[in-house]
């Protein structure tokens, strides 16, 4: 019994381990991987490994795994990666798993600076990545520092701006909050729609030379072949769509591309190693096949997948609507509960206020009753004193009258009578004065007693109002709510030194529709506005001395009004012969 081979396959978000037989082919292993992760759009992907010479290589599907140049390690390591890219992610990617794998791979490419991304776009993409991971921003859940462990922006961008890590996170948090209501899957798609407009997105670069020996870059992507100058990977100078190519072949380091235009010469370049020509051929064949397939009616399988994806998307929307309805209902009940508690607290406060007012009124009433009794007692004493003084005065008058009679009846000494008379007269005057004062006091006490009586009557009326006021209404009673949320290409098959492949262009519907495209920022005003705002914000913190060569090229392209698709239209102008001649002259 042959000993099994342990294999570890690393996808963008998981590690899978298998035990395969020595005679297992690359396709059998590939099929096992895609079945495990539930992927049906298999044509974009491949298994990559590092060969015995340290070069990254795609596993050949038609050969045994053990017969290829894989390293003898346990387990044998493979990466499951996108080998080919769609032209337009929004139109072509069908399954959520496909979309997620592309999102993670493109994000990694941007963060590692494999794909150049300008600062304002990097921040906006970072906010979509946060939405894709965390969902809607929630102030209660997403406290300060919730992004501290996330890789969000290329290190190059952070180094170029005088902003702390916290300030970067604050900016991304603000834009994260802007995406409220967006599904995680939708956030991934928005990320890819913006990322696919980056100049280096989806391109495989190879070092080549033309017949003159000029060092150049060959870019192979979903739309065709592009030629770049050695110091500029952002701006292609010449382009050839796949629909213009009928045959590709190589012999050793020489690569020959035959155009459909019979009058045009062959497009010839040289690669430094035979291995590179094999990879170029493999990518050309696969990209050409997908380019042509996209321009033909969908196969039955793709139609079924799209129908299923639409149904799943519709189901997700229904589930989301149900969740939103439940969430709104829950929020309404929570608000009602909070309102009830507030009203209850207000009623309790009002009740306490009533009780305090009642106690104060009772206390004031008691004090006023006591004061009124004191005033009444003082008035009574003053009245008695006044009556006593009046009695004394009357007695003095009687005595005076008696003395006068005695003076008339008796003859006394004039001096004695005069003295007695003067004495009683003075006493009478004093008593008269005292009587007047007492009368004034009595009048004043009577006035104060009347005021006290009026206050007493008023206080009794207030107390009567408080005591007879209706009690506060009881707090409303809410029934508890029961929540129920439903969960619910070909591969390398090259000969040792050479290979040739015919590329058919028959039956396609529109071979150059990619030249009509515009960027996401150009067709989406919201994205355009967000990028402009971010650019203005970041310009104030930018350190111009730390700009890279790619930054300078990108800014110059922006200044001249160029973008990926305008450049594409420009580099395909003229016939095939003119462009090949231009390539030879570089």
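Positions of Cβ are set from backbone N, Cα and C atoms, glycine also.
Taken straight from Swiss-Prot:
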- 60: N6-acetyllysine (MOD_RES)
- 115-120: motif '[IL]-x-C-x-x-[DE] motif' (MOTIF)
- 244-586: region 'Interaction with SCYL3' (REGION)
- 302-462: coiled coil (COILED)
- 306-338: region 'Disordered' (REGION)
- 308-338: compositional bias 'Basic and acidic residues' (COMPBIAS)
- 366: phosphoserine (MOD_RES)
- 535: phosphoserine (MOD_RES)
- 567: phosphothreonine (MOD_RES)
## Note on the structure
Here the mean pLDDT of the motif '[IL]-x-C-x-x-[DE] motif' (115-120) is 94
### Message
Is it possible to get the count of other C-beta atoms within 10 angstroms of the C-beta of the residue listed as 'N6-acetyllysine'?
### Response
22
### Message
Just to be sure I understand the packing, how many Cβ atoms besides its own are within 10 Å of the Cβ of residue 366 (phosphoserine)?
### Response
11
### Task
Enter the number of other CB atoms within 10 angstroms of the CB of residue 567 (phosphothreonine).
18
### Task
Report, as a single number, how many Cβ atoms besides its own are within 10 Å of the Cβ of residue 535 (phosphoserine).
16
